[in-house]
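**Q** Would you mind keeping the following structure in view while I ask a few things?
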Amino acid sequence: MKLSAEGSNFFFYYSLLGNDITSEPFQSLLSPDFEPERASVRIRSNKLILKSFLSQQPSLQIHLCCGNHSLGSTDVSLSSLAAVPVDLENKAAVVEGVFVLKPPKHIPQTLPVLPVDLQPTVSVSITLRREDVTSQISGNKDDGGAQTQSIPLAPPPAESRHHGTSPVQKPPMTSTTATPHRPSFSHTECEADSLLEEHHRSKEPRGPTAADVEVPVQLQRQNRATDEGRASSICISAPKVSIPSSTHHYNFSLYLQSLGGLTLTHPIAATLRYSYPFFSSPAPIITSPPVELRSNMEVSLPQSYCAFDFASLPQQLHDTFLRVPLRIEVWDRDSTNRDRLIGQASVQLSHLLSSEKIRFPTSTGDQSWKQTYQDLIPVVSTQRSSEKVAELSYVATLEDLGLLKAGDGILSDFLQNEVTPTHPPSYPAAPRPASPSLPAAPLGPAAPRETLEYRKALELELWKEEQEEMFTDQLKRKELSYMQTLRDEWKKRDQEREALVRKKEAELNLLEEQLQKSLSDLEKREKQLAEAELHTQRLQRELKTEHELSQRELQESSRRLQQECDHRVALEREKVLLMEEERSRVLQQISDAESRYKQLEKEFQSYREQQNMRPEFKLQSEMNLLMLEKVELERKLETTTKSKLHYKQQWGRALKELARFKQREQENTMMRLKKQQTELEAMRQHYLATEEKEADRQERRELDDIRNELNRLKQQERLGPASSMSGPAPAMGLNESAEEHLSRLLEERDTLLRTGVYTHQDRIIAELNRQIQEAMTDKL
């Protein structure tokens, strides 16, 4: 394999309890330089269950990868953690060492055996410890529970770089980039329940041209057909992945028998939809066409049988079926071809696990198990969870086809666990359910299935099915034409083979003569080899003599070391005797000290009794009580301080939450203010137009009043002193009308200012101020 074609980056890959982890990439195998990869997983369990869990786990596989290929791998057993004789309550269980990287199994064993010091290796350390126990290996503290740490280190310079011929390339991914997807989780926390969920063996895998193994990452299926002008072959790429040895092959089928017991007053055109992510089916399963359902009526559902082929671990299957029910939605299509969700039914798959198991033989002769469960479940309204809309009858079947036969690690069509609609003999034939039109105007809040993205995805799935059918028909037509071409070609090639056989006979005769000549050359070479063998035997005798000499030297050095060790043992024994004498002397001193201590204790007791009679003792007792009270108060103060800090933190979080609420309220207020400002601006324009008209009319009236007043004054001037007594009354009426006009202007200006929409700089307010000034001037 040419590593330059895949890129020069190398990295380590492994899967820790279902979590894919990769190390930092490095450029050179001779001098690798990267940070040690550390990963930890928290496991919530007790000691017995944890040991049982670890003993059943498969070995941890660590791969040295380049691009999409695995150059070598090693297995580290997790079950050895459970066998370590360590008390996990106080100490950590550690499994560490240097493991040899072995080439993939498919590579022919033609490489020479390397010495132990030149074999490629990786250093791994796995630690299992409690959350509150300091790790003896890593030297740091983590906040996790029972943790496992895996540290792949760099391989030595003698890294295996040649693994046979060129490897088979992985099929292109759906992404446009050529870089494969490699998860890079440096620290993952889980409940130890993330395992491989899908697997199926390829029916017609492409024969590998090399023995390299692909990196076990998430792959996708891709079928390709060559153009008509090129070779007439159809290639199905079969990606290679590694799977747990305990993975089982399952087949789950669901048959929706009938729908009845409608409680609604009006008939519905019922369509059922469901999907279960555990089966890795992205598109929903939909019954089609819609069936009309009325009250007191039971109808059969067309195209309601579907089967799923998938691979999973038995424990993971049980956990998923116990935790996640299968929800079936009932939709109603109205006269405008709009779908409306009227209810949901929940299928508890845990009942299927508790049903009776029936053994049956498979096509390969292996024994498999089948479990069947039939039930009638209510369809509950989406508006009111306590209201039953209808009743649904179904039959669920689970077939355990045994361990997955994945010796070569190749998966093909079932890498994506596509749903396979089948037709068993006991149920009516049901092709793959077609998708009815999605609801255009859903009731209540929009559900994820009613979004535009979901509709587009559904349309894409339908288009894919149509394209697959067209592609199948095209392949059949091509197959017929290719078979005819092959028959014609076979006849032509048969004639060519006969001519070729005659030609080969002549060539073989010529070759026989060449072999006779080569045989004579081989006899000469055999004589040369005999001479070389004699020379080799002579060298072997010399090497044997040197080996015997070195062996004698080693024995002599071993004898000298033995004598030296015996001498040291004798010296140590003498030291032990001296230490025993010293120990007896120290014990005698201890006994003397104890007797003196007892005597001093008696004297101290008598002295303390004398002191108890003195007043200082009472003061000392009171002081001790006060000290106890002080300690208690300090403890309460510390508790209060901690509570204050806790409440301060709670208050800080509350302030942050309040700030978010205030910001949200401010945004809503700003939107309302903008809306009100728009409305007020419209009202302001309307009011300005009305006000201008009113001002024009008022000015006309004032002009008429002034004109009338001028006419009256002219009449008074003409009348003279005779009419002087009647003058004050009209002047008083004029003053009253001016005051009324002034008060009206002031009131209008104040009203507009109080609304907060207008300011003193607005044109209408300036006009009112001008009129007020003129009215006040006229009044004076």
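Even glycines carry a Cβ here, placed using N, Cα and C.
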**Q** Looking at the ranges 43-69, 421-447, 745-771, which is given as region 'Disordered' in TrEMBL?
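**A** TrEMBL lists region 'Disordered' for residues 421-447.
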**Q** Write out how many residues of the domain 'C2' (235-362) are helix, how many strand and how many coil, based on DSSP.
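**A** Result for the domain 'C2' (235-362), in helix, strand, coil order: 17 helix, 63 strand, 48 coil.
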**Q** Over the domain 'C2' (235-362), what does the predicted model average in pLDDT?
**A** 84
